[in-house]
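Reading through the structure tokens given below for one structure.
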Amino acid sequence: MAAQNGNASFPANFSIPQEHASSLPFNFSYDDYDLPLDEDEDMTKTQTFFAAKIVIGVALVGIMLTCGIGNFVFITALTRYKKLRNLTNLLIANLAISDFLVAIICCPFEMDYYVVHQLSWEHGHVLCACINYLRTVSLYVSTNALLAIAIDRYLAIVHPLKPRMNYQTASFLIALVWMVSILISIPSAYFTKETVLFIVKNQKKIFCGQVWPVDQQLYYKSYFLFVFGIEFLGPVFTMTLCYARISRELWFKAVPGFQTEQIRKRLRCRRKTVLVLMCILTAYVLCWAPFYGFTIVRDFFPTVFVKEKHYLTAFYVVECIAMSNSMINTVCFVTVKNSTMKYFKKMLLLHWRPSHHGSKSSADLDLKTSRLPATEEVDCIRLK
């Protein structure tokens, strides 16, 4: 079932003929359950599992509330007000849409899987594959969108004299972000299966996750390393280089000529934007690096976790850290990066105060601005 980005293999004392369980990128495997099938004990009834269930339940509720409400506010404000539609915000909208879909579609099913039915899937194979697939696509859309934002900021700040990305190019880039994510995620749906596990006597759990055939283990590991390279290492390295050059340009390079108040405001605005984006990059690395590291050790050095009592607890802790990344993105983009809440409050006031018919308010005029929205810097200065 969908959890966060990872993969898995069977423990040494349990296997199914002709199959090798994996979960790239959003699944548990049989050993993730930490269920010793040769003992008369249901590990889902232990205190360790109970604590882990509470932790992941709280995390899922947090994602549903934060990402569901926060991204809805951002998307609604962006749709209504053209002043918010600069190129950076349009790229951010991809993260908002993907996280919003996960919050309202995937998380309720995950809550049922982890907390209500305690690692047992009750919704059929089609939904099992769809939820895993949507989770995977969402992760890669977020990663690719963050990379696109970093490159856009790099070109705008380090090479200001070069032509800026126009909306045709931005539309192509957004389509590319989704297309790459959709294609790379296909194996997560293709290899997703339901498998019945008998835990204690006649008690059963229905496992939902990717199951790769034994004779395709090499393909699985190659696929994981490919995804790890182009969806984590590559983007993180590129974004780090971009923000390093941007930081040098904004903080360590003298601005020639006389600095007007408008120039100083634009510089402060750019610095604020870049600081938020660097914080988001840092959060992305801190949240996902432990999970990728855990996954690599589990799949490429499986003996490390053999006989490990607290394997399940460690897996849940690492998973919850990874899951929190979407909440951090939402909080940063909605409450810090943009004036989204200001525009959303405007929209609510317009809805609940119909008495403004006689005169056009500034909020009304926002809807009738030019088709060419203000750049991020001009918009930032105007909102000061």
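Cβ atoms here come from the backbone N, Cα and C positions, even for glycine.
A quick note: this is a predicted structure, and the numbers were derived from the prediction, not measured.
The disulfide bond recorded by Swiss-Prot for Cys128 reaches one of Cys208, Cys242, Cys269, Cys279; that cysteine is Cys208. As annotated in Swiss-Prot, N-linked glycosylation site applies, among Asn13, Asn86, to Asn13. With respect to the membrane, Gly124 and Leu218 are annotated on the same face, judging by the topological domain names in Swiss-Prot. Cβ neighbour count for Cys208 (disulfide bond) (all protein chains, 10 Å cutoff from its Cβ): 28. Around Cys128 (disulfide bond), a 10 Å sphere centred on its CB holds 25 further CB atoms from the protein chains shown. Between the transmembrane segment (314-334) and the transmembrane segment (172-192) there are fewer than 3 Cβ pairs closer than 8 Å, counting only pairs 6 or more residues apart in sequence, which means the two stretches are not in contact. Note: the topological domain 'Extracellular' (111-137) comprises 20 helix, 0 strand, 7 coil (DSSP; helix = H, G, I, strand = E, B).
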